[in-house]
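Everything on this sheet refers to the single structure shown next.
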There are 2 protein chains.
Amino acid sequence: MLKFFILYFYLIFQAITCFSVNQINVGNKYSLIRNPQSNVPLKVSIIGSGNWGTVVSKIIGMNAQKLKIFHPIVKMYVKEEIVEEEKLSDIINKKKENIKYMKGMKIPENILAISNLKEVIDDADLLIFVLPHQYLDNVLDEIVQNNNLKKNARAISLIKGIKMVRSKPQLLSDIIEKKLDIECLALSGSNIAEELSREHFSESTIGFEKKGNEVIWQNLFDRTYFKVNCIQDKPGVEICGALKNVIALGVGFIDGLTASYNTKSAIIRIGLEEMKKFAKMFFPNVLDETFLDSCGLADLITTCLGGRNFKCAKEFAKRKGRDSWELIEAELLNGQKLQGIDTTKEVYDVLEYHQLKTEFPLICTIYEISFQKKNPCSIIDVLSTKKLRNIKYK
Amino acid sequence: MLKFFILYFYLIFQAITCFSVNQINVGNKYSLIRNPQSNVPLKVSIIGSGNWGTVVSKIIGMNAQKLKIFHPIVKMYVKEEIVEEEKLSDIINKKKENIKYMKGMKIPENILAISNLKEVIDDADLLIFVLPHQYLDNVLDEIVQNNNLKKNARAISLIKGIKMVRSKPQLLSDIIEKKLDIECLALSGSNIAEELSREHFSESTIGFEKKGNEVIWQNLFDRTYFKVNCIQDKPGVEICGALKNVIALGVGFIDGLTASYNTKSAIIRIGLEEMKKFAKMFFPNVLDETFLDSCGLADLITTCLGGRNFKCAKEFAKRKGRDSWELIEAELLNGQKLQGIDTTKEVYDVLEYHQLKTEFPLICTIYEISFQKKNPCSIIDVLSTKKLRNIKYK
């Protein structure tokens with residue numbers, strides 16, 4: 001009870017200081033903010049409270065306490081479930097801990113868990129989408145139905161994946177933009193949630209298209225232990241986040257076969273090349289440097305060394321492809337789902353439709369091993385040719 | 001004895017077929033070979049017989065047997081030593097195995113181990129330098145003294161490292177070029193010797209400057225399990241091979257502290273950035289794509305995950321920098337030497353001399369931890385700043 005009183009006074013205090021004379025002149029400091037209401041602190045809502053969402057609530061909660069351009073109370077949407085005979089949202093608000101998805105990490109006092117989506121969206125200026133991609137459509141439908149989204153709200157997507165619409169890859173951030181008619185950026189990087197919960201130094205990348213709001217988002221996410229690069233290339237950032245999981249399957253196969261570092265690093269290298277080629281085919285303006293940022297190279301390395309997709313693919317190869325992905329998932333992931341498998345299917349369908357299979361030998365072989373009973377060893381065959389490589393002249 | 005007879009007849013047979021009517025017309029197939037004697041098969045000599053040199057002898061021995069542009073007998077220089085009461089060169093020639101440096105790997109029949117450098121150089125058209133960098137000067141001096149090097153011989157360096165001459169980094173291949181007055185290319189890649197001895201798929205990169213001989217070298221090294229990219233950027237290839245060992249120290253420190261994947265991948269990413277920056281400062285024409293080839297990204301990943309430098313740096317950080325590198329080397333490396341330590345010193349001296357330290361915070365911190373008793377934790381401090389990163393606009 002005492003805790004609630006302290007929280008109450010704390011929040012009142014924050015709200016007062018927010019409008020005090022010490023307030024940074026937002027219009028000057030963030031001259032890129034063109035919102036006419038820019039002197040009013042921006043209200044932030046987080047849509048999602050899984051392990052990554054919960055860690056994001058810590059990062060953003062701390063920044064919202066510190067920076068006066070943000071409203072001190074941050075709402076977090078919790079898809080209600082019962083944990084130890086209590087509602088998860090109640091547990092989070094009382095204990096300041098998400099005991100189901102990020103046990104042991106303290107959630108800042110100014111995070112308010114709410115299970116009613118309408119209430120979370122109400123009044124929000126900045127929406128952070130951080131939920132499994134399979135729930136996105138439903139959540140967007142509900143937001144549209146509720147009809148209480150601010151017109152000048154802005155969003156950022158932390159969701160990994162791409163969706164194929166009429167055989168063209170579509171960015172999840174673009175789907176959010178179209179459905180809600182608001183701008184949506186993307187954030188992706190080498191960000192294992194559990195490591196960030198313990199404040200291990202990490203980097204991340206925000207991809208944006210139009211100049212204007214990137215500085216706000218950078219301020220909202222940047223911490224001394226979480227450095228955020230912003231790059232004017234949203235498709236590049238998002239394609240990296242999706243395709244890395246496909247390449248991680250390939251590296252996992254190798255690890256199950258020979259565990260050769262030479263071969264694994266070659267697969268990562270060729271994988272990055274195919275990721276870039278794919279991105280450039282469908283989004284011609286992507287930048288080379290995006291693939292060298294945290295969302296590209298760094299996240300690819302992390303995902304290819306210890307992620308879920310890597311682990312399951314390793315097991316798949318060890319069992320010589322005899323067991324189904326469903327079985328391996330069930331045995332290894334404790335109810336979590338593999339993202340790489342869906343993405344591999346989606347990407348392969350696109351390549352097949354556009355008759356581009358020969359240009360992406362690695363991705364196509366990963367698909368064939370995963371779904372067409374091809375021997376996991378064949379991932380090496382596709383690389384081991386007698387043909388000499390082309391020479392690169394200046 | 002019988003073995004020697006078989007070898008003798010085999011070599012005679014090879015030498016005959018070499019000049020037979022079935023010979024590929026070298027002048028047509030390799031039109032880039034401008035050597036007027038191009039119809040005479042090129043004699044190859046390998047200078048070095050450590051673990052990498054021995055594996056290279058297998059790769060090249062097989063190609064020299066197969067391709068008629070190369071003389072079927074390949075000489076390998078062995079710095080003589082006594083192993084199990086016998087000369088190492090005799091053991092290699094009799095057993096076809098280098099029992100000291102690559103036990104268990106069969107060396108092709110057409111490799112001839114020779115402990116007399118003059119004999120190895122005599123008549124050689126193609127020299128492969130693959131020895132520890134500290135022996136290079138002596139070997140070059142001896143070659144010059146012997147005065148039997150062919151005028152139109154060509155060389156390739158597989159040696160890792162750079163040398164500082166009047167505070168400028170100098171490529172080892174350039175040192176070979178100047179000293180011997182012959183062209184020298186460079187080969188570097190993600191090539192753990194032991195894995196290649198078992199024919200695990202690997203890639204490598206040859207860097208060249210002038211067009212002309214790159215195809216010969218590619219043919220000499222390329223195998224189905226060892227794919228060789230050629231890129232017209234020798235400095236880029238060689239700088240990558242040297243600086244990766246510095247970055248591996250940084251990743252090793254992190255592994256000894258938190259073992260965070262997020263942080264390690266960030267160090268690799270920032271490390272690649274500083275490697276490229278360093279290369280461009282002293283060799284302005286290096287190409288971006290070199291850093292994405294096997295010699296760059298792929299070798300960096302491999303070196304940062306399991307190489308000697310990584311392992312020793314991890315131990316150094318675990319012991320909080322209290323024990324000397326010499327002690328850790330002695331305990332962990334069984335007589336082998338750390339390359340990264342020397343390179344770190346050399347690179348730091350250059351940066352200090354040119355007042356460039358602030359532009360290379362990662363490399364400089366790695367130096368200070370390694371040699372100035374700075375706390376290994378400080379590698380994270382250098383990254384964790386309050387300053388927002390610059391935004392990259394198109």
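Positions of Cβ are set from backbone N, Cα and C atoms, glycine also.
Per TrEMBL, the features are as follows:
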type	residues	note
SIGNAL	B:1-18	signal peptide
DOMAIN	B:43-211	domain 'Glycerol-3-phosphate dehydrogenase NAD-dependent N-terminal'
BINDING	B:GLY48, B:SER49, B:GLY50, B:ASN51, B:TRP52, B:GLY53, B:ALA193, B:ARG308, B:LYS337, B:GLN339	NAD(+) binding site
BINDING	B:LYS160, B:ARG308, B:ASN309	substrate binding site
DOMAIN	B:233-380	domain 'Glycerol-3-phosphate dehydrogenase NAD-dependent C-terminal'
ACT_SITE	B:LYS244	active site, proton acceptor
Cβ-based neighbourhood (8 Å from the centroid) of the substrate site, residues B:LYS160, B:ARG308, B:ASN309 excluded:
B:ASN245, B:ALA248, B:THR303, B:GLY307, B:LEU338, B:GLN339, B:GLY340
Cα of B:ALA193 (NAD(+) binding site) to Cα of B:ARG308 (substrate binding site), in Å and rounded, measures 13
Can you check how the pLDDT averages out over the domain 'Glycerol-3-phosphate dehydrogenase NAD-dependent C-terminal' (B:233-380)?
94
Measuring Cα to Cα, how far is B:ASN309 (substrate binding site) from B:GLY50 (NAD(+) binding site) in Å?
18
Would you identify which of the recorded positions B:LYS160, B:LYS244, B:ARG308, B:LYS337 has the most other C-beta atoms lying within 10 angstroms of its C-beta?
B:LYS244
Please report the number of other Cβ atoms within 10 Å of the Cβ of B:GLY50 (NAD(+) binding site).
20
Near B:GLY48 (NAD(+) binding site), how many other Cβ atoms are within 10 Å of its Cβ?
25
Could you give the Cα-Cα distance between B:GLY48 (NAD(+) binding site) and B:LYS160 (substrate binding site), in whole Å?
13
Structural state of B:LYS160 (substrate binding site), classified by DSSP into three states:
coil
If you measure every Cα to Cα distance among B:GLY48, B:SER49, B:GLY50, B:ASN51, B:TRP52, B:GLY53, B:ALA193, B:ARG308, B:LYS337, B:GLN339, the residues said to bind NAD(+), what is the biggest one in Å?
20
